[in-house]
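Asks: The structure under discussion is supplied below as structure tokens; questions concerning it will follow.
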Amino acid sequence: MTKKIVHVAVGVIKADNTLFICKRPDDKHQGGLWEFPGGKVEADETVFEALKRELQEEVGLTLNSSSELMLIEHDYGDKCVKLDVHLVTDFSGQAHGAEGQQSAWVAIDKLDNYNFPAANVEIIEKIKVDV
Ligand SMILES: Nc1nc2c([nH]c(=O)n2[C@H]2C[C@H](O)[C@@H](COP(=O)(O)OP(=O)(O)OP(=O)(O)O)O2)c(=O)[nH]1
Ligand SMILES: [Mg+2]
């Protein structure tokens, strides 16, 4: 039987040379680790629509446009995810942890000081080279 894959829209929010990251709540999948904000793409949504909704809900930003950065499939064993990662530089509002989560603007060369889920290793490698 093929496993169900959860499609997730992920936003790498960049301003100057820093990225906005959030800490996942302890009780969630991959909890306690840092993430790029985002969430599940619902059945009736495009990836952009999902990203726009999630960034509004989670970090209080209004997304104007985004560009595709990469697509990553990762099997955590308990859950299989497909991360549709977009680069976000065109937004309005002040980014903050709108759901009470810890958050930070972090310089790209300081990302290694934060623990991310395993699927993010590839994203961070690409960011260091291309973003
Ligand atoms: N948002 C986000 N999710 C990530 C990253 N890396 C990674 O493996 N994931 C995984 C963790 C979760 O299994 C899944 C995202 O689910 P989520 O919990 O953010 O979904 P959601 O915002 O829709 O929240 P909910 O409906 O579960 O409450 O993708 C990342 O950088 N950002
Ligand atoms: Mg989320």
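Along the chain as shown, the residues are counted starting at 1.
Backbone N, Cα and C atoms are what each Cβ position is placed from, and that goes for glycine too.
Remember, TrEMBL labels are computer predictions, not curated facts.
Straight out of TrEMBL:
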type	residues	note
DOMAIN	3-129	domain 'Nudix hydrolase'
BINDING	ARG24, HIS29, GLU35, PHE36, PRO37, GLY38, ASN120	8-oxo-dGTP binding site
BINDING	GLY38, GLU58	Mg(2+) binding site
Asks: Only counting partners 6 or more residues apart, tell me which same-chain residues put their Cβ under 8 Å from the Cβ of GLU35 (8-oxo-dGTP binding site).
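Replies: GLU35 (8-oxo-dGTP binding site) has long-range Cβ partners VAL10, ILE21, CYS22, LYS23, ARG24, PHE116, PRO117, ASN120.
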Asks: Can you tell me how many other Cβ atoms are located within 10 Å of the Cβ belonging to GLY38 (8-oxo-dGTP binding site)?
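Replies: The answer is 26.
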Asks: Any of the binding-site residues ARG24, GLU35, ASN120 with a C-beta atom under 6 A from ligand 1? Give them in order, or none.
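Replies: If the test is a Cβ under 6 Å from any atom of ligand 1, the answer is GLU35, ASN120.
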Asks: Expressed to the nearest Å, what is the distance separating GLY38 (8-oxo-dGTP binding site) and GLU58 (Mg(2+) binding site) at their Cα atoms?
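Replies: With the alpha carbons as reference points, the distance is 8 Å.
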Asks: I'd like to know the mean pLDDT over the domain 'Nudix hydrolase' (3-129).
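Replies: Residues in the domain 'Nudix hydrolase' (3-129) carry a mean pLDDT of 98 in this prediction.
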Asks: Rounded to the nearest Å, what's the C-alpha distance separating GLU58 (Mg(2+) binding site) and PRO37 (8-oxo-dGTP binding site)? Just drop the number here, would you?
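Replies: Answer for this pair: 7 Å between alpha carbons.
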Asks: Counting by DSSP, what is the helix, strand and coil composition of the domain 'Nudix hydrolase' (3-129)?
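Replies: The breakdown for the domain 'Nudix hydrolase' (3-129) reads 29 helix, 54 strand, 44 coil.
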